[in-house]
């Protein structure tokens, strides 16, 4: 029987680049919050040890898809711990709503949902810590989706402290361009020396995103989207883009602005939530 699992979006409510390590990775401080909006992953367990992705993503080989990689990595990890029941496999499908290269964490969220769901369905019994550690090898953002609570992240994004920022309503807009993360992080003009601050200090300051100036400069679509949103509410880039978002106190206020969105913007309204929809599904 197929079961359905939420794979929610995230927003970076702020994102500051505090340095760059010798290995090229950037150190940062960021605040993750989930949205009650995202992809849906369907999973039907198999008994022959095979992993089949029933809904391939255009332009991505199945073996390279984070969904397939996550499933196979869980197999390997659980097997190494002697916790993989014989014949564990799955047919997996995805109903995709989150854009690729949008800064909403779609691929990382998909991987985390697969790890959490298959750990449950296969009855592997891996702990949240073990799943998060496994997920980190797939991407720096995967652990926050596995843990499922809004978090302040440091290091390269792997040091997580649970926090409970206000749960606002957001209008999120995708300007029709995909921004690969390396494009932003390799840009010579990216600020890389923002001073580190405590979470208490950061929460009292106006939120910002160090990647925003680069995304606006290099992608006119992002600049146009932000220019439009800023007419209505405080707005900024999420992650390395391309999505931008504006915050509102009420759903009705966000939807009033959504009605005025230009046709070239793909926009939606969602609520920020500190407990991930995936975690709620596990309760």
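Every residue, even glycine, has its Cβ placed from backbone N, Cα and C.
Features as listed in Swiss-Prot:
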ACT_SITE  10  active site
ACT_SITE  141  active site
BINDING   99, 100, 101, 102, 103, 104, 105, 106, 107, 108, 109  ATP binding site
Counting across all protein chains, other CB atoms within 10 angstroms of the CB of residue 101 (ATP binding site) number 19
Residue 107 (ATP binding site): secondary structure state under DSSP, collapsed to three categories: helix
Measuring Cα to Cα, tell me the gap between residue 109 (ATP binding site) and residue 10 (active site) in whole angstrom. 8
Name, in the order they occur in the sequence, the residues of the same chain whose CB lies under 8 A from the CB of residue 107 (ATP binding site) and which sit 6 or more residues away. 66, 100, 139
Using other CB atoms within 10 angstroms as the count, which residue among the binding-site residues 99, 103, 105 scores least? 99
List the Cα distance (Å, whole number) between residue 101 (ATP binding site) and residue 10 (active site). 13
Under DSSP, is residue 99 (ATP binding site) part of a helix or a strand, or is it coil? coil
Rounding to whole Å, the Cα atoms of residue 10 (active site) and residue 105 (ATP binding site) are apart by 6
What's the number of neighbouring CB atoms sitting within 10 A of the CB on residue 141 (active site)? 26
